[in-house]
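Asks: Here's a structure for you.
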Amino acid sequence: MSSSSTPSTLSTEVTSVLSREWIHKGTKAYKHAGFALFLVGFASFSLIYCVQPLLPAFSQSFQISPASSSLALSLTTAFLAISIVLSSAFSQAIGRRGVIFSSMLCAAILNIVSMFTPNWHSLLMARALEGLLLGGVPAVTMAWIAEEIAPEHLGKTMGLYIAGTAFGGMMGRVGMGILIEYFSWRTALGLLGAICFICSIAFVNLLPASRNFVQKKGLNLGFHMQMWRTHLTNTKLLRLFAIGFLLTSVFVTLFNYATFRLSGAPYSLSQTQISLIFLSYSFGMVSSSLAGTLAERFGKKTMMMSGFALMIVGSLMTLPSSLFGIIIGIAFITTGFFITHSLTSSSVGAESKQAKAHASSLYLLFYYMGSSIVGSAGGWFWLHGGWGAIVALTVVLSLFGIFLAVYTTHAKAY
C-alpha cells in the first residue's frame, strides 16, 4: 500500500475475506447474477461496436474518408475511457447497480435518438455522448464481480461477463450488417437501441443486491487521486493496464479496416456477407468462458502469452488473398483476444486489494484508449501501406504484449 495512504481512510475498504458474504456458484443468486452480467455485457458492447460494420456506409453516406469514418467508434471509446474513471469513483458513493442500470438505460435511449441526427457531426456528438453514458458500465461491473463473487469463482464469473461482451460485440456487428441490407442504418440503430432498453430493465431486476459493498458518501477528490496513484504505482497492475491497451489496439484496428478490405476488390462482399464473418465472435464467447479453467491448468502467464500468439498467427493468416484464410485468421484473432482479456480483467480485480472500482476503471481507461488512439491511427497505415501495414502494426504490438505477459507475474502486488 502506498505510504501516503491513511488507515482511517482505507479501513472500511480493506475488509477481511473471511467476513464477506460471497455469492457462490450453484446458488440462485449466482444464476441470476450470471444472467444479469451476460445481459449487461451484451447491451453495452453491442451499443459500442454497432457502428463498426457501418463505417463503409458512413463513408459513402457522408462522403468522408475511412479514417474519418472510424471516428464514429473511436470517439465513443475515447469518451467512454474518460467516463469510466469518473463513474467508477461516483459508484463508490451511490452504489454499483444504480450506476450500471442508469448508464445502460440512457445509452440505449440515446442510440434510438441517434437515428434522427441530421449530419455527420451531429452523429459524432451523439456517439461521444453515448460513450460518456456507457462509462458507467464496464469498470463498475468488474468491481461488482470482484466484491460480490467468491474468489474461487472470480475467473469463471468474469469469463461469463466477458462472454456477454463477446456476444454483444458479435450481434452488434452481425445484426447491424444484416439489418442495413433491408433498412437504413438509421433504422438499424433505433432497433438495436430498443433491444438494449429491454435488456437494461431485465438486468436491474436480476442482479442481486450488493452484500459486500461499503458506501462512502462525501469522498473528496483527494481520496480518488490517492487511490488512482496507489494503483498506478503498483508495477503488476501497471503492466496489466498496458496489456489492456495493446489488446484493443490490435483487435479494433484489425476489425476496423477489415471491413474496408472485404468490401473492396477482389472480394466486394455485401454488408450482410461481411457481418457474417463477425460470427467469429462466437469463438470469443467460448474462449472467454474457458479462459479461467485453462489458466487453472496451464497458468495465467502461459494462457495470456498464448492469447497474444494466437492474435499474431491470425493476423499473418489474413495476409494472403484467400477469403477462407482471412476468416480463419479472424477466428484466431478473436479467440486470442478474449482469452487474454478475460484473464487480464480478472487479474486486475484480484490484484487490487482496495478501491477495486478505481483499479478496474484504470484498466479500462487504458483498454479503450488503445481502441481510440490506435484504432484511428490505423487509418494512416491503411492509407499509406494497405492491409500489409495494418498487419505489421498489429504484430509488433502483439509481440510487445507477449513481453509484458512474461514479466507481469514477476512483479509484486501491494
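Each Cβ is built from the backbone N, Cα and C atoms, and glycine gets one as well.
Those TrEMBL annotations? Automatic predictions, nothing curated.
TrEMBL lists these features:
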type	residues	note
DOMAIN	29-413	domain 'Major facilitator superfamily (MFS) profile'
TRANSMEM	35-55	transmembrane segment
TRANSMEM	67-86	transmembrane segment
TRANSMEM	98-116	transmembrane segment
TRANSMEM	128-146	transmembrane segment
TRANSMEM	158-182	transmembrane segment
TRANSMEM	188-207	transmembrane segment
TRANSMEM	237-260	transmembrane segment
TRANSMEM	272-295	transmembrane segment
TRANSMEM	302-320	transmembrane segment
TRANSMEM	326-350	transmembrane segment
TRANSMEM	362-383	transmembrane segment
TRANSMEM	389-408	transmembrane segment
Asks: Please check if the transmembrane segment (302-320) comes into contact with the transmembrane segment (67-86), where contact means 3 or more CB pairs closer than 8 Å and the residues in each pair are separated by 6 or more positions.
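Replies: Not in contact, no.
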Asks: Apart from its near flanks, which chain residues at least 6 from the ends of the transmembrane segment (188-207) lie with a Cβ under 8 angstroms of it?
Replies: 32-33, 35-37, 39-40, 42-43, 46-47, 50, 54, 97, 100-101, 104-105, 107-115, 144, 172, 175-176, 179-180
Asks: Top stretch among 35-55, 158-182, 272-295, 326-350 for CB pairs under 8 A with the transmembrane segment (67-86)?
Replies: 35-55
Asks: Given a Cβ distance threshold of under 8 angstroms, which distant residues of the chain, six or more beyond its ends, lie next to the transmembrane segment (362-383)?
Replies: 65-68, 70-71, 73-75, 77-78, 80-82, 84-85, 138-139, 142, 228, 231-232, 237, 240-242, 244-253, 256-257, 260, 344-345, 348, 389-390, 392-393, 397
Asks: By a Cβ-Cβ criterion of under 8 Å, what residues six or more beyond either terminus of the transmembrane segment (326-350) are in contact with it?
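Replies: Residues 142-143, 145-146, 151, 154-155, 158-159, 162, 166, 237, 240-241, 243-244, 247, 250-251, 254-255, 258, 262, 277, 280-281, 283-288, 291-292, 294-295, 300, 303-304, 306-311, 313-318, 356, 359-360, 363, 401, 405, 408 contact the transmembrane segment (326-350) from elsewhere in the chain.
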Asks: Below 8 Å between Cβ atoms, which of the listed ranges 35-55, 128-146, 272-295, 389-408 makes the most pairs with the transmembrane segment (158-182)?
Replies: 35-55
Asks: Counting only pairs 6 or more apart in sequence, are there at least 3 Cβ pairs under 8 Å between the transmembrane segment (35-55) and the transmembrane segment (237-260)?
Replies: yes
